[in-house]
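A short worksheet on the structure shown next.
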Amino acid sequence: MSWLSFFRGKQEEVPPTASAAKERLQIVLAHERISRKGEDFLPKLQKEIVELIAKHVAIEAERVNVSLERGGDMSTLAIAVEIPGPEPARRAS
Amino acid sequence: MAQVVVVTSGKGGVGKTTSSAAFATGLAQAGKKTVVIDFDVGLRNLDLIMGVERRVVFDIVNVISGEAKLNQALIRDKRVDTLSILPASQTRDKDALTKEGVATIIEELSKDFDFILCDSPAGIEKGAMLALYFADQAVVVTNPEVSSVRDSDRILGVLQSKSKRAEEKKDPVKEHLLVTRYDPARVERGEMLKLEDVQDILRIPLLGVIPESESVLKASNTGNPVILDGESQAGQAYKDAVARFLGEDRPMRFIEAEKRGFFSRLFGGRAA
Ligand SMILES: Nc1ncnc2c1ncn2[C@@H]1O[C@H](COP(=O)(O)OP(=O)(O)O)[C@@H](O)[C@H]1O
Ligand SMILES: [Mg+2]
């Protein structure tokens, strides 16, 4: 604390973090309350999409990238699957 | 019929035992026949906070296993004569508690007491589940901090789906929010969740706000529930909360930062 801030009766400015806490809580709890009722369809959706793709092409588990971002108004579920291309042409020796 | 009240939170270290001791003592002071049960089997602490640790002979597990009668295990408080304590076992683990055993104890206590307070352990395992299962009312102890608020929300979900009242489709457990370790100065600086924020998120009726206070440590050092310390803000805040619990209308106190004058800043005085 500097002398000046002492006389002003103020601590050093710290960026307030309480509002970030509130926002994060509101979002995570909105989702947890839904999943508590067993209504969170996102994990199920993810599983079914991957299964559907696997029906058509052979995919390896480690070639599937799933990212889920839960938001307040909107959530995004991104599934990236590396689908193997045609057999590489054999090089003439 | 007695009212069964669970003091719960999900998270540990938020002030459940401190609040259980204060509430039990406050209810008894108001003339209600009160018993407070420690459900934290393996980590007994209510006896210390209540100052009866040297008088423990039998505990809840002894009663459930038939090694002792309920009235042999109950400890009568020496300060308030309408108050009794049923300690947890220190040597056994949570599996020694059974739903049938706890049901029998609560049924028996219901004949003699107005209030049965259950001090829940942390978590959502067996001990915590049994502490809340028979509840008519719940005091949800929450600190203004993200993990505590989240765990309280979780516990509210459990109360609404796994309690006896929920299973039997009776009226739901009556929920009360008790915000503890509240530091108005840090709230003012934007470092700590505001009371309104916590209320906004949890959306259950507010029973009280207990400020962060050095007197709580002093109380636990000496084994006197802080509600007996009429000088301290925490003690007064608990008194208000108990009065509200019994239907009185009292304004919230100690939720604004104290305006500190030049000299108190100079000498670094702190809230009692
Ligand atoms: N209002 C308060 N002010 C300061 N310290 C507190 C307050 N309430 C609780 N404490 C402290 O917090 C710690 C945990 O409290 P306790 O009641 O044992 O929590 P729990 O039973 O939820 O684990 C203890 O050291 C206690 O003294
Ligand atoms: Mg405890």
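Cβ coordinates come from backbone N, Cα and C, glycine included.
Quick look at what TrEMBL lists:
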BINDING   B:Lys11, B:Gly12, B:Gly13, B:Val14, B:Gly15, B:Lys16, B:Thr17, B:Thr18  ATP binding site
DOMAIN    B:5-226  domain 'CobQ/CobB/MinD/ParA nucleotide binding'
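The DSSP secondary structure for B:Thr18 (ATP binding site) is helix.
The highest number of surrounding Cβ atoms within 10 Å, among the binding-site residues B:Gly12, B:Gly13, B:Gly15, is found at B:Gly15. With the fewest other Cβ atoms inside 10 Å of its Cβ, the least crowded of the binding-site residues B:Lys11, B:Lys16 in this structure is B:Lys11.
Note: the ATP site is recorded as B:Lys11, B:Gly12, B:Gly13, B:Val14, B:Gly15, B:Lys16, B:Thr17, B:Thr18; in the same chain, B:Ser9, B:Ser19, B:Ala122, B:Val141, B:Thr180 also have Cβ atoms within 8 Å of that site's Cβ centroid. The local packing around B:Val14 (ATP binding site), expressed as other Cβ atoms within 10 Å of its Cβ over all shown chains, amounts to 25. By the rule that a residue counts when its Cβ sits under 6 Å from some atom of ligand 2, the binding-site residues B:Gly15, B:Lys16, B:Thr17 yield B:Lys16, B:Thr17.
Counting only residues at least six positions away in the same chain, the Cβ atoms of B:Ile49, B:Thr180, B:Val216, B:Ala219, B:Ser220, B:Pro225, B:Val226 sit under 8 Å from the Cβ of B:Thr18 (ATP binding site).
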